């Protein structure tokens, strides 16, 4: 047993080190940037060290557990622990946040506050993925919202206040249901609240009550994931946010919803999940088609990419609803895969906006001639997004397909129907993704304009793009990198279900 508090250090380090930023000189933008990047790198190295030397892959139980009494009156503990399901998102968080701080290099206005908020988000995200206490999970979930709201409302585009208000209304509204579910589960059947994940997993509830809890949690995760029809905050938020914030939103924030769906709804409420799972699959299928057919109608480049995120999260929801080994593993792989691809697309959209100052696709055109590096990277990630074989998106979607087809829970006709509709969604994906590339990069519109000389991406931007591209290719060629983390845990979760 390892008694060193690794997880506490990993969760607390970014926000506590971030609070020291305010002691740095106000005008020292360079010092602030380097300090933030060093903190992020140190955190990423810590996570990697703990993963390599203190984490056993073949053990589906909770590892590196820490349990400290916090508030005695209602038995509230600082309880952390990781398993195969949470290690993937934690590594993804470390990786994407480090690159997002590097992407935020051009920001000079109020840079102390900006970098502090990014580090506060970092703590909230890792805390959510590693907490083993329902109330602690809720607190970490909420810790995420305030930094995002401020990052949106202070460093966003023209309609930033509208989109920030919409974001906070949606997510805070969803969090009310999360809090009600957490308190309901904690207080059920005893005078003393039991907020421990392990105790809650062994607790049995009346079916009606379990369905109510499940539905409450589902609303909270549906806002965050997002699941239609609670997705409308996402395109507005992505359309206005600075691209480094978009990287964190698309890469990590949306994954917290899918993670919560597996961690709480599947693990703690298995009966309700087997009732709701057909509906999840139907909604996921509608979501893929709806978002893929809405996306081509968007003029705003970032909104178009945001709708592609909604479409890709549909695969995760279908995988979670299939209740099979392959389906759930595919969903976990899609979470990681889309974390990389979504973050990269928003980063490249933002860097091209920095140069041409245009956000509407019908005003762009001909950028490829003057910016070949951005063109190459954007095209590569568009291919990854439309699930080109050899890239991570293809493997994830293929495994989800396999999960549906092998699911014994559903009859043959519904399975064929869902697979057919998903296939239509996969055909629509290249349509919006390739037309987006065509409108941006081909033609002569900007090339013929006066002062049409634009700078191509510099070493910093190339480094960020290539750093994200390598794992996308790596997972596409050898998906066991990610699957080996979660495969034992997925089996342990599915052992609660009658269907296998």
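Sequential numbering from 1, following the chain as shown.
Each residue, glycine too, has its Cβ placed from N, Cα and C.
If you look up Swiss-Prot, you'll see 3-23, 37-57, 87-107, 113-130, 134-154, 167-187, 242-262, 272-292, 330-350, 386-406, 416-436, 462-482 (among others) marked as transmembrane segment, on the strength of sequence analysis.
Annotation: stretch 242-262 has the most Cβ pairs under 8 Å to the transmembrane segment (113-130), among 37-57, 242-262, 416-436. With pairs at least 6 apart in sequence, the transmembrane segment (330-350) and the transmembrane segment (242-262) have 3 or more Cβ pairs within the 8 Å limit; the two touch.
Proximity of the transmembrane segment (272-292) to the transmembrane segment (37-57) is not established, fewer than 3 Cβ-Cβ distances being under 8 Å for residue pairs spaced 6 or more apart. A contact links the transmembrane segment (386-406) to the transmembrane segment (462-482), because at least 3 Cβ pairs that are 6 or more residues apart lie under 8 A.
Between the transmembrane segment (87-107) and the transmembrane segment (134-154), the number of CB pairs under 8 angstroms, six or more residues apart, is fewer than three, so the stretches are not in contact. Residues 88, 95-96, 99, 102-103, 332-333, 336-337, 340-341, 343-344, 347-348, 373, 377, 380-381, 384, 389-396, 399 of the same chain, all 6+ positions outside the transmembrane segment (462-482), place their C-beta atoms under 8 angstroms from a C-beta of that stretch. Counting residues 6+ beyond its ends, the transmembrane segment (416-436) has Cβ neighbours under 8 Å at 281-282, 285, 288-289, 292-293, 295-296, 301, 304-305, 307-308, 311, 314-315, 318, 361, 382, 385-387, 397, 401, 404-405, 410 in the same chain.
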